[in-house]
Amino acid sequence: MQIFVKTLTGKTITLEVEPSDTIENVKGKIQEKEGIPPDQQRLIFAGKQLEDGRTLSDYNIQKESTLHLVLRLRGGMQIFVKTLTGKTITLEVEPSDTIENVKAKIQDKEGIPPDQQRLIFAGKQLEDGRTLSDYNIQKESTLHLVLRLRGGMQIFVKTLTGKTITLEVEPSDTIENVKAKIQDKEGIPPDQQRLIFAGKQLEDGRTLSDYNIQKESTLHLVLRLRGGMQIFVKTLTGKTITLEVEPSDTIENVKAKIQDKEGIPPDQQRLIFAGKQLEDGRTLSDYNIQKESTLHLVLRLRGGMQIFVKTLTGKTITLEVEPSDTIENVKAKIQDKEGIPPDQQRLIFAGKQLEDGRTLSDYNIQKESTLHLVLRLRGGMQIFVKTLTGKTITLEVEPSDTIENVKAKIQDKEGIPPDQQRLIFAGKQLEDGRTLSDYNIQKESTLHLVLRLRGGMQIFVKTLTGKTITLEVEPSDTIENVKAKIQDKEGIPPDQQRLIFAGKQLEDGRTLSDYNIQKESTLHLVLRLRGGMQIFVKTLTGKTITLEVEPSDTIENVKAKIQDKEGIPPDQQRLIFAGKQLEDGRTLSDYNIQKESTLHLVLRLRGGMQIFVKTLTGKTITLEVEPSDTIENVKAKIQDKEGIPPDQQRLIFAGKQLEDGRTLSDYNIQKESTLHLVLRLRGGVLSSPF
């Protein structure tokens with residue numbers, strides 16, 4: 001394959017390599033082309049220096065990857081490191097050495113662990129991942145070494161009255177400790193203290209050294225004015241806690257107050273407002289949380305768990321995670337282990353691509369579950385986007401791009417912010433977290449771009465108690481958005497809300513303008529009664545699924561529950577009761593479906609397409625498939641027809657073995673293509689189609 005090597009002068013070298021080549025081999029090829037001795041070469045990929053004895057495939061370097069070449073300057077240079085005791089150490093270094101490397105050299109000479117070292121140059125603390133040349137540190141420069149620890153220092157705290165207090169502290173003291181010392185001296189309770197340094201409010205859980213507060217620094221003490229406001233915190237058990245807070249309180253402070261009331265450690269708390277997880281260092285006012293707002297408290301389950309990630313090469317990676325970890329966190333852990341950038345990772349579980357912002361528990365991923373890792377293939381395709389003015393934009397995309405990615409590309413070309421864009425394909429509004437392949441959008445497809453009109457309007461929502469709520473909305477808001485606004489005002493979870501307009505129940509994914517809801521329209525809010533009932537769903541294979549539902553659930557909700565259990569997308573489901581096909585927007589009670597009723601599930605075959613599978617005996621099987629079917633799905637269809645277990649099947653197309661997690665469209669398999677089926681024989685012998 002070809003890879004590129006970019007030098008610091010901007011020159012790019014092309015090399016012919018193989019995945020099994022070592023970094024040493026690659027340096028040899030660079031020497032042949034450029035005459036640079038291997039011992040003067042440092043190769044960098046994905047921000048990581050590559051080691052001579054490892055191979056390109058060890059670092060997941062694929063065709064057309066770009067490595068960066070940094071030259072080791074010969075003879076290097078000397079720098080000096082001065083300690084607080086006045087001792088000066090001489091080090092042999094190179095401009096390309098990282099601060100981390102320098103600390104390791106100091107450890108070699110002086111035995112001081114790197115995590116106890118702080119290096120200062122030109123009054124600035126140096127960061128581990130940066131290089132000496134980043135800080136313009138040249139030969140014979142002097143760095144200052146400060147030990148994290150032990151022995152303390154004095155700082156000053158200045159109050160608004162002008163009084164200055166002197167405190168004995170250590171760099172490792174937390175802001176909380178400092179406030180306790182102020183309370184000892186001045187009698188001011190910590191929760192009434194706000195400490196400011198360099199114009200920044202200091203957070204309780206951070207240390208003085210985190211803020212680079214050194215000896216004889218001056219902090220400013222501001223008192224929190226009493227008065228505050230009340231907010232509510234609702235737990236999953238339905239219990240509501242009332243807290244006294246101020247807009248300037250951080251989320252960390254709020255979690256501490258919850259701990260005081262409920263005994264739940266902050267690191268087990270996740271707080272949600274307006275559907276968004278709140279970050280510790282931000283304040284209530286940053287999130288526009290006002291008096292009598294309701295936050296939702298979700299517990300992080302302790303103890304963590306192990307999950308497995310299987311790559312297409314068959315390698316299995318073990319990760320330590322928690323149910324509350326987001327998919328984004330998981331991708332970061334994979335990057336740490338394997339060096340694969342998150343934006344090149346697609347994670348699949350139960351045949352479904354996982355979205356960055358969701359958690360493992362959202363997908364019911366439990367201990368020892370196996371996720372499949374598919375790399376986003378480079379190469380892509382062109383699609384067209386047509387605006388209402390008739391202008392057509394051409395975009396370079398990949399089937400694995402999300403709608404969010406596509407909107408970002410449109411913003412790059414046209415300057416339209418993503419939140420003002422609505423994309424329509426085949427009459428359907430596309431959701432940000434889904435991919436082009438999810439919607440079967442193929443090369444040269446045309447999407448339609450509709451702008452969300454700014455300026456908004458007011459609508460009214462009338463509850464069964466007769467209370468009327470006023471909401472600020474836009475015609476392009478979805479019903480889901482409207483329910484979130486009602487939750488912010490009234491604290492009613494969206495899944496307990498049913499909205500009715502013109503006698504019709506409104507569906508989450510549709511917009512106000514879809515229902516012709518205009519300014520000053522009145523919607524009616526009906527609460528879903530808790531208590532529920534069981535119904536049965538019988539499939540054509542004879543399998544019966546049991547679902548927990550409520551009479552007020554819509555058919556759409558029921559299909560979503562079936563998807564959760566069986567993985568069948570709602571748009572492929574038709575539900576039949578009493579000989580009648582059920583409509584998405586209607587409720588179970590509309591059809592008089594009562595407890596222990598049985599619905600029948602019929603699958604909608606997609607316009608789809610036919611493909612052929614040829615076995616070694618010469619037999620040809622015809623399958624109904626869709627471009628978005630995974631190879632795993634295809635093997636399941638073959639099992640249904642022929643009884644061959646998927647793990648004994650190998651499928652070949654265009655001389656290439658097909659991987660389970662990839663789709664037919666990934667391999668450009670089109671209607672009436674022929675795949676070859678080879679059986680994996682037990683005992684390791686493989687039969688061949690050729």
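Placed from the backbone N, Cα and C atoms, the Cβ positions cover glycine too.
According to Swiss-Prot, the features are:
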| type | residues | note |
| --- | --- | --- |
| CROSSLNK | Lys6 | ubiquitin cross-link |
| CROSSLNK | Lys11 | ubiquitin cross-link |
| CROSSLNK | Lys27 | ubiquitin cross-link |
| CROSSLNK | Lys29 | ubiquitin cross-link |
| CROSSLNK | Lys33 | ubiquitin cross-link |
| CROSSLNK | Lys48 | ubiquitin cross-link |
| CROSSLNK | Lys63 | ubiquitin cross-link |
| DOMAIN | 1-76 | domain 'Ubiquitin-like 1' |
| DOMAIN | 77-152 | domain 'Ubiquitin-like 2' |
| DOMAIN | 153-228 | domain 'Ubiquitin-like 3' |
| DOMAIN | 229-304 | domain 'Ubiquitin-like 4' |
| DOMAIN | 305-380 | domain 'Ubiquitin-like 5' |
| DOMAIN | 381-456 | domain 'Ubiquitin-like 6' |
| DOMAIN | 457-532 | domain 'Ubiquitin-like 7' |
| DOMAIN | 533-608 | domain 'Ubiquitin-like 8' |
| DOMAIN | 609-684 | domain 'Ubiquitin-like 9' |
| MOD_RES | Gly76 | ADP-ribosylglycine |
| SITE | Arg54 | site 'Interacts with activating enzyme' |
| SITE | His68 | site 'Essential for function' |
| SITE | Arg72 | site 'Interacts with activating enzyme' |
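Using a cut-off of 8 Å between Cβ atoms, the domain 'Ubiquitin-like 9' (609-684) and the domain 'Ubiquitin-like 3' (153-228) share fewer than three residue pairs, counting only pairs 6 or more apart in sequence. Model confidence over the domain 'Ubiquitin-like 3' (153-228) stands at 82, taken as the mean pLDDT rounded to a whole number. For the recorded sites Lys6, Lys48, the greatest number of Cβ atoms within 10 Å around a candidate Cβ is found at Lys6.
Across 1-76, 153-228, 457-532, 533-608, stretch 1-76 shows the highest tally of CB pairs under 8 A with the domain 'Ubiquitin-like 5' (305-380). DSSP assignment over the domain 'Ubiquitin-like 2' (77-152) gives 18 helix, 28 strand, 30 coil. Assigned with DSSP, the residues of the domain 'Ubiquitin-like 1' (1-76) fall into helix, strand and coil as follows: 18 helix, 26 strand, 32 coil. Note: Lys63 (ubiquitin cross-link) has non-local neighbours Met1, Gln2, Ile3, i.e. same-chain residues 6+ apart with C-beta under 8 A of its own C-beta. Take the Cα of Lys48 (ubiquitin cross-link) and measure to each of the recorded positions Lys6, Lys27, Lys33, His68: the nearest one is His68. With respect to Arg54 (site 'Interacts with activating enzyme'), the closest of these recorded sites in Cα terms is Lys29, chosen from Lys6, Lys29, Lys33.
All chains included, 17 other C-beta atoms sit within 10 angstroms of the C-beta of Lys29 (ubiquitin cross-link).
The distance from the Cα of Lys6 (ubiquitin cross-link) to the Cα of Lys33 (ubiquitin cross-link) comes to 13 Å. Most Cβ neighbours within 10 Å among the recorded sites Lys11, Lys27, Lys33: this distinction goes to Lys27. Just so you know, the Cβ of His68 (site 'Essential for function') picks up 17 other Cβ atoms within 10 Å once every protein chain is counted. Checked against Lys11 (ubiquitin cross-link), the recorded positions Lys27, Lys29, His68 differ in C-alpha distance, with His68 being the nearest. Across the structure, Lys27 (ubiquitin cross-link) and Lys33 (ubiquitin cross-link) place their CA atoms 10 angstrom apart.
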